Ligand SMILES: Cc1cc2nc3c(=O)[nH]c(=O)nc-3n(C[C@H](O)[C@H](O)[C@H](O)COP(=O)(O)OP(=O)(O)OC[C@H]3O[C@@H](n4cnc5c(N)ncnc54)[C@H](O)[C@@H]3O)c2cc1C
C-alpha cells in the first residue's frame, strides 16, 4: 500500500510497515515496539505537510488517529483545552468557534491534525498556534518517557519549532489556552479585514471570522476539496525568505523595475519577503506547468500541485526549477515548508 493514499499531494511510495494508533497511549506503545525492532519510524497524521519519496519509506509509518478534546482548566476569562494529537484541526477550530472560545478562528480551514500544529507553528491570516499553545505532552524517543513541555521549550518561530526536522519528540496531546469571547482576536491581516468590511485591529463575531477565512482560503485552493486538483498540494511549498538588511537592499536593487517586493519587518532588522511575489516575478506564474503531471496551482503561486499522474520526482524537479530561477533572478534562496521524507530538494 502506497503512502500516496495518506497524503494530500496523493504522492509517495510504500512503507515497510504501516501501523495505526487510535488512542494516546497506543502512540507511545507503537513507537516503543518499533524501537525494539530498531526500525526507522515516520509519524504521519493528516499527511498535509509531507513530501514522501516515490520509493516510499524504509521503516514503520505510524498513523496518528487519536481523537477528542477536553477542558482541563478554566477561569473567568480563559479555557484551556487538551486536544488529542490525531483530532482533525478544522473540527477543533469549528468546535471552539461554536463554544465561544477565541484564539484560533483565523486558522480555520487548515488541513491536518491538531498534534501537528506545533511542529511548524501553523499560522495563517495573522494568527499562529504559538499564541495559544501553553504546553504539549510528548513521547520522548531519547528517554522512552512521556513528558510535558511548556510553550517556551517548544522554541516556536516562523513556521518552525524544536519539533520540525527532529523526530525525538512525538506530540501526544496539545493544550491551547483560549479566551471566552464571542468576538475574534483583533483582525491583523489586511486582506481579511477587507473581506470582513472592517479595519485592521477591529474584532468581529467568531463565526464571521471563520467563514471569511474559509472563503478566502477556498478562492486560493487552500481548503481541501477532492474534486479540485488545485488542492492536491501541501499548501505553500516554500516559506517566505527572511532577509537581513543588506540582503533585503540587494534584493530591492535587483527588483527595482518591478516595484517594491511585498514584505513585512521582523525581529533584528530582518524583512520577510513574499515568496509568491518572487516566484511570480521570476517567471513562474499561477498555472505554470512542470513536466510529468505537476504544476503550480492555478489559484496560488506558492502551491505546487499533483495534477494528473504526477510523481514526487516530478514535483521536486519543478520545485528545484523554481528555487533556482528565483535565486538567479533575485539572489534570494527559497526553502521548502513541508517535511521531505526520504527525498531532498
Ligand atoms: C491545502 C493546504 C493548505 C494549507 N495551509 C496551511 C496554512 O495556512 N498554514 C500552515 O501553517 N500550514 C498549512 N498547510 C500545511 C499543513 O496543513 C499543516 O502543516 C498541518 O499542521 C500538517 O498537519 P498533518 O497532520 O497533515 O501533518 P503531517 O503531514 O502528517 O506531518 C507533518 C510533519 O509533522 C510530523 N508530525 C505529525 N504529527 C505529529 C505528532 N503528533 N508528533 C510529532 N510529529 C508529528 C510528521 O512526522 C511530519 O514531519 C496547508 C496544507 C494544505 C494541503
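Cβ atoms here come from the backbone N, Cα and C positions, even for glycine.
The Cβ of residue 159 (active site) has 18 other Cβ atoms within 10 Å, all protein chains considered. According to TrEMBL, the feature active site maps to 159 (among others).
Positions annotated as active site, proton donor by TrEMBL: 236. Using a 10 Å Cβ-Cβ cutoff, residue 236 (active site, proton donor) registers 21 neighbours.
Per TrEMBL, active site is recorded for 337 (among others). For the recorded site, residue 337 (active site), the DSSP three-state label reads coil.
Annotation source TrEMBL lists domain 'FAD-binding PCMH-type' at 11-181.
Of all the Cβ atoms in the protein chains shown, 19 others lie within 10 Å of the Cβ of residue 337 (active site).
Here residue 337 (active site) is positioned 7 angstrom away from residue 159 (active site), judged by their C-alpha atoms. Rounded to a whole value, the Cα-Cα separation of residue 236 (active site, proton donor) and residue 337 (active site) is 7 Å.
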